[in-house]
């Protein structure tokens, strides 16, 4: 009898727990009890975000409301005027998406006209028109705290629908890059459905659940705990802007949030994931060993996709220690890029000596054309003139990893440069010492002393984990070995407070991000103008974390502002910027941020590849990744 | 009875004082965080887009005002106390304006379900086996279990959890390693959903049980080992009392008092969630929510979770205090 009671009690407890869960997950009971997703029709993608904080929230236009972004919402359901892919693109990196053609400015960049595609439908059958664009801008201008309220309010004097398919903006001041607000790099200002939001009393409290889609998929169902979101292809997918690139292959797309990288790897090996956003270097090496059908961006080593982001050493220029460029150059020449590559990425880094990420179209526009200039570049150490650039560093790293990875490592010189980078500054301790001595530093034993007699010592803030943490640690070690007391400090608030408030001496992070698919540098460069420089102790607004200013830099930025986006002059200005950065070395560029994205060809083929068809960024949380779906074909495996 | 009521009243006042001190400390700690929710949001909104510095400054001012962070700390504290009394802990700052309690209540059933069952199961089995091992000290089986318990006890939890993932997710992939239930079922009272929840809970629950069992087992065995040397046990044995009765009523019952207090603490503590379990098994729950809230500077959610934990622990101790006099006559006499 006692046993029976115990059994009953256990059953009651268990059912209470399950019942609590069942009743706690509101809004889902109406969904069909069992739904199946045939594997040959379903693409399963890893969403790198943590599970959504506010799972039923799809109103992505409100800042900080907890809506997940890369759960498929901004990849599959939202859309905007243009996309600029960080890679080659299906027909060039610039996509006219909802716009029928490129932006049209007047002569002084105070007006912009956009012509829209006709026949595009929202998923509820309503036609997309100029009214949606006007509503998007006016609503956010009238409602502070929405994602694009501030940039619209700052720029837009008025916006009007000239007709159903033409929008005309009048700007408050000249801005040759106004279109960038509607141009997706990772994301951009998404268009709101006017017919839905105009009926809502408070747009900031509206959950937009289920979302009315402008993309080729609609929401099928989602986990009330935010771990997965399932999207289903619209029957009228051909009435969306992506149709110009073909029909998306998968009937269903599932975005799964899997915080542990080990679990991601296992799920892919088990056939439960088709695309992984990111792994550790070791995880990637293990995956390709475990699964014959899995691979990365490169077919072999180094596998990873270089993001248009440039990890670097950032010096705080408001710190007296780093105001002399000879000191900054000395610190650069003390570094061994090969060791940094091995320690951070196990050799799978794409190095860059110049202040441009070595990815997308940049090697073609910058790294390649500037090779001769870099090789001939001369640096005065105070005692002699040296040529600090070594164009073979990438080749050397390839040779270092070849014993371990064998045939996986490319042998073609061009392929090596694409994967490992062109070259870097050769480690030259003697020249570094000469530069420090010229700057008034002295060496006592193995300790460098500053001109005012203090030990040359500082802290290097770095990430708490991952490759950037490893990079910071090895750089601090290399400087310490040369007599500079550098301590690497794992800083969980590096971007939230340390860099913005200037509470650091030096850091490994990044202040340069580019379009990747276009040589234009305005994406980050405009914010480097001295007009935005904060006083010491005050918050520096993104992205000039180094708080560096130079009249020559301001001149470049001001000319970029007056140069149309597609004007070839932008590339010349970009080259001038690179040369100024080499001369002054305000930051030490190191490499691109390589993402170990992986995909599995067991169920789907047609993914972009570095070697044959780099038509899109495979990093799954980028909105641009939607173009991949149009190229996928099922392998018919079930 | 009068004495018991006075005792209960004193303990209740103590409970109120503990809750007040606990939530005040939680408020202070959560608001002293250097992490700004405004900067977290700005980082997300502007980090990957063409957002001019002027626009960033403008957004910063707006969000600071909307979130009410431009109000002095003491004013925020009194506002918080006023809301706490009516069970309103304000809007979350990482999911504004969704109430913080709404987010907590979404995660709470998972944590309570997983941890309550695994804690009670671990407590029961660990104490029963520990009690028997302490009394029947020559039993080979119980000795062997003791060796295993001592061997498993020092293994860090995350190692056990990863081993479970590798064994049952990779080498012999028979159990799900991610999520609270399968993607092709929907939350309801259907057998499919219930079975799916139970199936997904096997690995996280087992990992918790494996690591937790040893603690209770070893603790109970040590307690019983001392109690069996007490005069009253020897006297009972000499008096010919049945061994079952000696184990159950004389030994284990006496040893249970401290274990029951520890159980109350453990049950109260479950409201903080299990961060590692949730991360390793991609399992829903309060722990991950708390980590996201801390990283996002969301003092409202941190406070909501902390307040629940404070109230739960204090209430559990209060209940145990109320039960103790019934279990142990000595406490009643005092």
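Note that Cβ sites are derived from N, Cα and C of the backbone, with glycine treated the same way.
As stated in TrEMBL, the feature transmembrane segment covers range B:157-177 out of the listed B:73-93, B:157-177. Of the listed segments B:238-259, B:260-281, TrEMBL assigns transmembrane segment to B:260-281.
For the transmembrane segment (B:12-30), same-chain residues at least 6 beyond its ends with a Cβ under 8 Å from one of its own Cβ atoms are 77, 80, 84, 299, 302-303, 306-307, 310-311, 313-315, 317-318. Contact between the transmembrane segment (B:110-136) and the transmembrane segment (B:301-320) is not supported, since fewer than 3 Cβ pairs fall under 8 Å when only residues 6 or more apart in sequence are counted. Between the transmembrane segment (B:197-218) and the transmembrane segment (B:157-177), the number of CB pairs under 8 angstroms, six or more residues apart, is three or more, so the stretches are in contact.
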